[in-house]
Amino acid sequence: MGLCHGKPIEQQSKNLPISNEIEETPKNSSQKAKSSGFPFYSPSPLPSLFKTSPAVSSSSVSSTPLRIFKRPFPPPSPAKHIRALLARRHGSVKPNEASIPEGSECEVGLDKKFGFSKQFASHYEIDGEVGRGHFGYTCSAKGKKGSLKGQDVAVKVIPKSKMTTAIAIEDVRREVKILRALTGHKNLVQFYDAFEDDENVYIVMELCQGGELLDKILQRGGKYSEVDAKKVMIQILSVVAYCHLQGVVHRDLKPENFLFTTKDESSPLKAIDFGLSDYVRPDERLNDIVGSAYYVAPEVLHRTYGTEADMWSIGVIAYILLCGSRPFWARSESGIFRAVLKAEPNFEEAPWPSLSPDAVDFVKRLLNKDYRKRLTAAQALCHPWLVGSHELKIPSDMIIYKLVKVYIMSSSLRKSALAALAKTLTVPQLTYLQEQFNLLGPSKNGYISMQNYKTAILKSSTEATKDSRVLDFVHMISCLQYKKLDFEEFCASALSVYQLEAMETWEQHARRAYELYEKDGNRVIMIEELATELGLGPSVPVHVVLQDWIRHSDGKLSFLGFVRLLHGVSSRTLQKA
């Protein structure tokens, strides 16, 4: 549900014309759309949608035509199956879509007591309604006493009559917990308190009166200049990096969910609407399909995703900011979903050729369909497009913890290959790693231990870090028995091969690394020994799957084998090769 909307939803809907754009746009598959800023939950895409890619026309062009907008995006019409699933989630209809009588057995046994204060009426006086959605509405209000006396606030009102399933109740409980835990970041809407009575839950927050980011885009003629777009992206990335470090994924990032505090040009941007947010541990994946159709990541449609899904949404926002069009468009939801899965964003038409190469690269590295190759929020803040336009203050990045864990458990053969690759990194790439190394608090001698990882996270931990079980994951790393790392080995352990592979310079990196490996670490190795090094079991036909890893001329690791070794291997991946 939207928070602090600048104008009522009814007024917005009048400004949402039916698009008359042609239907030849690429299509894509399955995520839920939000009408007027509210969630729809979609089931997995029908297999029949993917027999052939509708993104490829007879001219074999697989890119999305430019879609310039001068008015707010027309929301896609919700498909019947999405409506049905959403209704079932909140208990408004049975699976066969028959109405559930008021007070039916579906609500028997549901505990709708949240433990919030019941003194809302004595603390706040409700003013006008500023937004309405499927499961509640948002009002402005004024504090009557206490620290907020006389202050304007926003109140999100969620009727308990809408909470007819345990899932719906848990969604509200989790939203309040996340807001309470994360409040305080300068780019996140300030949470004040939560109340309840017999009829409603009231979430009291900062009232943002500067309007939506979407409105600002439209006021500027549909797009931002590069300079102004950078300012917006830095604020978005800053708050998202903070959320991800705490183990929180927003799951509905879009221009409508970022508000300016005031109408002043220098007003800070605030992330709002955590109604779809959830906790996710670094080594776990979510599988429920939520979000808004234009901004949904491909892996969400495939029902296996993590914080990388937010980065895709940020990529869509960046694309819109810079060119004034959506990267994926179609007349229907299913068409949008097919475009997300199959089509490529258009970077050929104006204004892309006139934008800086760094700006184009920034967006491309966020809109990579392979989530493993996507930048994290902390990495994006270190991208050359943004470096220099803000004071470099990079937060800790959870991907470092994941990569180091894999590195420690890797074979000595792979570690030596990664060491060679680390020596090919450029200064901008090393800047990010140096920041992450410093955040871990190295000793005076320049070393970090596994305990440093836990200590660093604890410095910035919140209740959300505990609820997401991020601390459990970090504790696993801190308990690993491994020698101390200097910066050189840290770089080898913390670099992402997949992210390097997404760069245009990947081939040069790989070739140069192989040359270094040839000089320092390559040696004659038997297939059986290689299989042992890789930890492959007896069930793997090693002579079949590893034969092209070794050069027949001298028995040493081939370039192909070297690259595969960099990516890491398992019995499963080898058998698929």
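Keep in mind that glycine also has a Cβ here, set from the backbone N, Cα and C atoms.
Residues annotated as active site, proton acceptor in Swiss-Prot: Asp252. DSSP assigns Asp252 (active site, proton acceptor) to coil in the three-state reduction, placing it in neither a helix nor a strand. Neighbours of Asp252 (active site, proton acceptor), defined as other CB atoms within 10 A of its CB across all chains, total 26.
Taking Cβ pairs closer than 8 Å, the domain 'EF-hand 2' (465-500) reaches residues 177, 181, 245-248, 279-283, 365, 370, 372-375, 379, 398-401, 403-405, 407-408, 415, 418-419, 421-422, 425, 429-430, 433-434, 436-437, 442-443, 446-451, 453-454, 457-458, 506, 509, 566-568 in its own chain, all 6 or more past its ends. The feature domain 'EF-hand 2' is assigned by Swiss-Prot to 465-500.
The region 'Disordered' annotation in Swiss-Prot covers 1-38.
Annotated region 'Calmodulin binding (CaMBD)' per Swiss-Prot: 410-430, in sequence order, evidence recorded as similarity to another entry. Same-chain residues lying 6+ beyond the ends of the region 'Calmodulin binding (CaMBD)' (410-430) with a Cβ under 8 Å from its Cβ atoms: 382, 384, 387, 488-489, 491-493, 495, 497, 500, 508-510, 512-514, 516-517, 520-521, 530, 533-535, 562, 565-566, 568.
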Residue counts (helix, strand, coil, in that order) that DSSP gives for the region 'Calmodulin binding (CaMBD)' (410-430): 15 helix, 0 strand, 6 coil
Residue distribution over DSSP helix, strand and coil in the domain 'EF-hand 2' (465-500): 24 helix, 1 strand, 11 coil
